[in-house]
Amino acid sequence: MGRQGLIHIVILQYKLGGIYPMKAVDIRQMYLEFFKEKGHHHEPSAPLVPINDPSLLWINSGVATLKPYFDGRVIPDNPRITNAQKSIRTNDIENVGKTARHHTFFEMLGNFSIGDYFKKEAIHYAWEFLTDKKWMGFDPELLSITIHPEDQEAYDVWHQEIGIPEERLIRLEGNFWDIGEGPSGPNSEIFYDRGVEYGSDENDPEMYPGGENERYLEIWNLVFSQFNHNPDGTYTPLPKQNIDTGMGLERIVSVVQNVPTNFDTDLFMPIIEKIEEFANRKYKRPSEVDLNEIFGSEEDINTPFKVIADHIRTVAFAIGDGALPSNEGRGYVLRRLLRRAVRYAKQIGIEKPFMFELVPTVGKIMEDFYPEVTEKCEFIQRVIKNEEIRFHETLDGGLAIFNEVAESQKAAGHDFIPGADAFRLYDTYGFPIELTEEYAEEVGMKVDHEGFETAMEEQRERARAARQDVDSMQVQNEVLANLTVASEFVGFDTLVANTEIAAMIVNGQVEKVASEGQEALVILAKTPFYAEMGGQIADSGIISNDSFTAVVKDVQKAPNGQPLHTVIVESGEMHVEDAVQAIVHRDDRNLIIKNHTATHIMQRALKDVLGDHVNQAGSYVGPDRLRFDFSHFGQVTKEELQQIERIVNEKVWDDIEVVIEEMAIDQAKAKGAMALFGEKYGDVVRVVSIGDYSIELCGGIHVKRSSEIGFFKIVSEGGIGAGTRRIEAVTGKVAYEVVKEEEALLNDAAALLKANPKDIVTKVQALQGDYKELQRDNEALSQKIANAHSWGNCRCSTNNWRCHSSFYKSRSKDNNLLRQMMDDLKALMPKAVIVLGAVDGDLSDAMCRGITIINRWQLPCWKYREIWCQKLVVVIGGVRPDMAMAGAKDASKLDEALLSVYDYVKSI
């Protein structure tokens with residue numbers, strides 16, 4: 001049996017007596033099940049918007065969410081991890097739709113070892129999954145391997161243990177994974193031979209696994225993380241070697257379903273079929289297209305369908321995970337993707353908003369593993385539809401910019417559109433270079449392609465530099481990672497603990513003693529101090545005995561989970577194994593727990609008032625206030641804030657019991673517990689219930705009953721970024737003090753207005769009415785004075801060559817009055833040069849108008865303004881063919897400026 005026949009048998013399964021290609025959902029599940037059988041913990045996919053990682057714009061790989069494990073900041077419960085992680089990358093956006101496999105949204109299947117197994121096991125696992133008939137069942141002869149030239153260990157495993165012949169083991173210098181500081185190492189890539197129909201030219205220097213060709217498709221990358229890339233550029237062996245692998249789901253599905261591109265798989269085709277309902281033509285199926293047409297680098301007849309299908313997946317999932325379109329950051333990425341998709345939609349006859357109607361299809365394809373798009377479908381659709389409508393306006397604005405640039409270039413004697421402007425139209429307004437070329441051709445111009453490519457490459461360089469900066473992991477800290485002494489947190493029940501010092505780090509090294517004035521990191525055998533987590537700040541307090549006193553400045557979680565106290569030794573010497581007393585500051589703790597419980601109630605109230613799309617985007621819970629960042633598309637009205645505040649206070653006054661329980665994660669979810677979006681949880685979780693109103697997974701500390709909060713007061717609310725808003729509030733004593741401060745301000749205002757506090761609004765409204773009436777009287781009087789002076793001055797006009805010239809200076813402060821005077825004088829003298837000057841303190845303003853001279857000679861108004869400006873240090877104002885304005889700070893030369901225009905009129 002030939003290779004092609006074997007491939008078809010491998011990728012087909014039997015179902016109800018029929019044969020069908022394995023679906024993407026089956027392949028994803030099969031991968032995860034395989035590694036769970038190998039003892040791996042399945043880590044759920046994190047949201048695309050990074051949580052607690054400001055270095056990343058998007059989650060862009062399977063390993064991105066595991067960085068704390070790889071750099072040693074956190075020790076996982078199970079060192080073997082597997083995941084299917086949704087990811088976004090937009091560095092090659094211009095290639096999406098033109099190639100078979102470029103995407104902005106994709107899924108990465110991965111298996112990871114944090115200091116457990118290494119190369120041998122990773123290679124054997126990969127080979128078993130790909131070739132065993134129980135799993136993928138690929139023909140081993142269709143698989144080739146690339147390795148780093150110096151990675152003899154990997155070569156020996158592949159060649160001697162797996163049995164890969166030398167001709168299918170290719171050594172490549174590029175097989176080394178390194179993104180800057182942090183873990184790095186060689187890698188092995190596995191390639192699948194798709195057959196001679198995808199390439200058979202023996203003279204093609206790129207026709208080999210790892211070359212630029214379509215025949216040999218990379219399906220899996222195994223990274224052997226064995227070095228630390230240090231800040232000084234050197235490499236040292238990692239304390240613990242790691243495994244990081246990645247298999248693109250879209251790629252492996254295209255192989256299994258035997259289709260030429262990722263877009264022809266069941267991950268994309270339902271979306272493409274939905275697009276066809278709106279388009280004026282159909283997508284060309286693989287049987288209708290020659291492979292040479294598919295695998296070019298240029299656009300083909302299917303490009304618009306591919307672009308739209310890819311981009312709607314990205315945008316729908318990103319919005320579902322909390323991102324919103326904007327002009328900056330990740331919001332700008334979404335806006336750019338939507339613009340690009342809508343622009344391509346026009347090529348297939350779609351002229352109206354339609355992208356939002358694709359969202360249910362995206363959700364349906366992915367809902368078995370990613371239910372969030374379906375769950376938030378209505379909200380996602382609303383956001384996308386609004387953005388589509390706005391884009392059509394943006395497109396018109398881009399055309400206006402093009403016209404301005406074209407006119408400016410022609411006026412300067414040029415016949416081309418500068419590359420920088422063409423790139424601005426491309427990058428900001430979504431104009432493809434081809435569209436700009438078409439517009440340029442219509443007005444007899446060309447486009448500076450070299451300048452455009454230069455600007456494009458500069459952007460790519462900035463993106464590459466940014467990726468190198470944001471992807472790097474921290475260098476592993478071996479000292480902290482090796483601290484495995486036990487520490488028990490007892491702070492849920494007490495603020496004081498008699499304990500002992502279990503371990504100590506001074507100046508980055510494990511020590512036995514810390515002296516007066518030194519800072520140390522301390523682990524206690526048991527501690528009442530809460531380590532900062534979930535927005536709740538760390539406790540402060542004292543650790544002491546008869547020999548020393550140390551102030552606790554901060555408490556964080558060590559890599560192995562123990563509370564790690566940062567302390568300053570104020571007096572004496574602190575020794576490991578000292579018996580000590582640890583005391584938390586009671587007043588601060590009491591204020592913190594009131595704010596924490598209030599935050600839970602407020603989050604539920606936000607969802608009730610604004611909608612279930614509200615998700616936590618950040619928080620701070622301290623003794624002074626609570627701060628809560630949340631996702632929301634639009635403003636929060638005054639009435640909504642009042643409603644939220646009222647709901648929280650009602651729950652406070654209801655004196656609800658706060659119940660804290662530990663239970664299985666599935667039980668908590670069944671109970672309706674709200675989880676922090678994107679947070680990782682173990683099999684057993686802590687559930688905080690405030691009656692049946694608020695149920696959340698939370699490891700923080702809370703009041704016993706809601707009435708202990710006392711009083712809740714919102715002090716501010718506003719936007720802090722695209723689609724993200726922030727509420728700050730206070731509780732208890734602090735809330736009372738805020739109210740008293742506002743009351744004092746109200747009383748001061750009432751005293752100034754000579755009114756009772758309850759009558760302030762009425763008093764201010766009356767004053768505003770009086771002020772508006774005075775304004776109207778003042779404007780009417782000013783107009784009368786100006787008119788009187790105007791008519792008087794007109795009788796002193798100069799007649800020169802049948803052209804009247806009128807000059808006038810007043811003390812009007814209002815440009816509108818000058819314009820009104822100009823209109824009146826224009827009606828009186830239709831063939832006149834009129835110059836008006838107004839003085840306001842040390843400022844002067846002028847308006848001039850040029851009209852027909854000798855019935856056939858028309859002078860533009862800017863010429864008169866030019867004469868005027870020669871006499872004054874001016875700030876140029878607006879200009880029209882029949883009117884111009886200018887302003888100056890020195891009013892002393894106003895008379896001279898007026899006369900200079902008069903002299904010019906006489907001279908012509």
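Here the Cβ of each residue, glycine as well, is placed from N, Cα and C on the backbone.
For reference, Swiss-Prot has these:
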type	residues	note
BINDING	HIS596, HIS600, CYS698, HIS702	Zn(2+) binding site
Count the other Cβ atoms sitting within 10 Å of the Cβ of CYS698 (Zn(2+) binding site), across every protein chain shown.
-> 26
In sequence order, which same-chain residues at least six apart have a C-beta under 8 angstroms from HIS600 (Zn(2+) binding site)?
-> VAL688, ILE690, SER694, GLU696, CYS698, HIS702
Starting from the Cβ centroid of HIS596, HIS600, CYS698, HIS702, the recorded Zn(2+) site, name every other residue in that chain with its Cβ within 8 Å, sequence order please.
-> GLN536, ILE593, THR597, THR599, VAL658, VAL688, GLU696, GLY700, ILE701
CB neighbours within 10 A of HIS702 (Zn(2+) binding site), counting all protein chains shown, number 24
In three-state DSSP terms, HIS600 (Zn(2+) binding site) is classed as helix
